[in-house]
Amino acid sequence: MNTKTILFTKMHALGNDYILIDETRGEIVKEREKPEFVKKICDRNFGVGGDGVIFVSKSDNLDIKFRIFNADGSEAEMCGNGIRCFAKYVYEKGILRKKRMKVETLAGEKILNLKTKNNLVESIKVDMGLATFKSEKIPVKTKDKTFINKVCKLNDKKIKLSAVNVGNPHTVIFVDEVSRDYAEKIGPVIENHPIFPERTNVNFVKVLNPNEIKMITWERGVGITLACGTGAVASTIVGRKLGKLNKEVTVNLPGGRLKIEIYEKNNKIGAFMEGKATMVFEGILSMPWQ
Ligand SMILES: N[C@H](CCC[C@H](N)C(=O)O)C(=O)O
């Protein structure tokens with residue numbers, strides 16, 4: 001069997017790190033092999049290491065297509081940090097030289113506005129769209145139409161959960177103190193709880209003041225990450241819904257800060273997320289795995 005080489009680019013946004021592969025000139029990793037490939041390349045000992053893989057491909061009806069796979073090989077609908085990495089990648093590599101991008105994702109069309117200097121992308125503002133609290137859309141298996149501030153018993157402790165979909169499913173828990181240990185203990189129990197048929201991301205959030213929160217996320221398909229863009233959006237929107245937050249919120253994540261700007265439209269809540277992304281290194285993989 002002859003080997004083939006695969007070019008990849010390692011990037012991160014606030015330490016949430018991704019491996020990007022350009023499939024705009026044709027498929028690089030066969031569709032049915034993508035989950036296994038992702039699991040191997042994301043392994044931090046036996047592979048390159050990363051929270052996931054982002055595939056860049058042509059879109060039939062928008063500017064470009066974004067796909068994101070978690071480190072466990074599962075495909076997610078959307079990724080806030082990942083799409084900022086994606087925007088910087090496609091712009092600086094000349095794949096899509098537009099400062100306003102219409103991106104196709106599994107969570108629908110996303111509009112990105114890039115700030116550039118000397119042809120380099122300095123920051124990216126993403127319209128993350130409108131959230132839904134409808135249980136059937138999150139999805140959450142419950143007779144209740146929404147799942148907000150629900151008291152649940154986990155490991156003999158009562159905690160209050162709020163579920164929301166911001167393109168992908170999130171659960172938000174407001175805590176007195178943000179603790180990685182607590183997130184690692186409770187996160188996987190909630191991620192895999194049977195009331196979440198598609199699993200869920202789990203956000204632990206402390207409100208510092210109506211314009212600032214501190215949080216940590218146990219991500220679906222990954223575990224604890226240094227930042228979660230959709231988690232920051234979900235936490236801010238739930239906080240706004242519960243009257244805890246204003247419209248401009250600074251989100252403090254382990255890997256750094258994100259700016260979230262809430263908007264309200266047709267009785268729904270949406271958000272803009274603005275932040276940077278960083279290109280770390282380019283690499284060459286020789287396949288098949290030795
Ligand atoms: N683990 C998430 C996808 C990545 C989201 C996160 N890294 C972000 O920045 O939004 C999910 O399965 O929905």
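Each Cβ is built from the backbone N, Cα and C atoms, and glycine gets one as well.
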Self-check item: Given TrEMBL lists Asn16, Asn70, Gly80, Asn81, Asn201, Glu219, Arg220, Gly229, Thr230 for substrate, the same-site residue among Asn45, Asn113, Asn168, Asn252
Solution: Asn168
Quiz prompt | Beyond the site residues Asn16, Asn70, Gly80, Asn81, Asn168, Asn201, Glu219, Arg220, Gly229, Thr230: chain residues whose C-beta lies within 8 Å of the centroid, for substrate | solution = Ala76, Met78, Cys79, Gly82, Thr217, Val222, Thr225, Cys228, Gly231
Exercise. Determine the most Cβ-crowded residue among the active-site residues Cys79, Cys228, using a 10 Å radius around each Cβ and all protein chains in the structure.
Key: Cys228
Quiz item: Distance between Asn168 (substrate binding site) and Cys79 (active site) at the Cα atoms, whole Å?
Solution: 8
Quiz item: Any idea what the Cα distance is from Cys79 (active site) over to Cys228 (active site, proton acceptor), rounded to a whole Å?
Solution: 8
Quiz item: Max Cα-Cα distance in Å among Asn16, Asn70, Gly80, Asn81, Asn168, Asn201, Glu219, Arg220, Gly229, Thr230, the residues listed as binding substrate?
Solution: 17
Quiz item: What does DSSP say about Gly229 (substrate binding site): helix, strand or coil?
Solution: helix
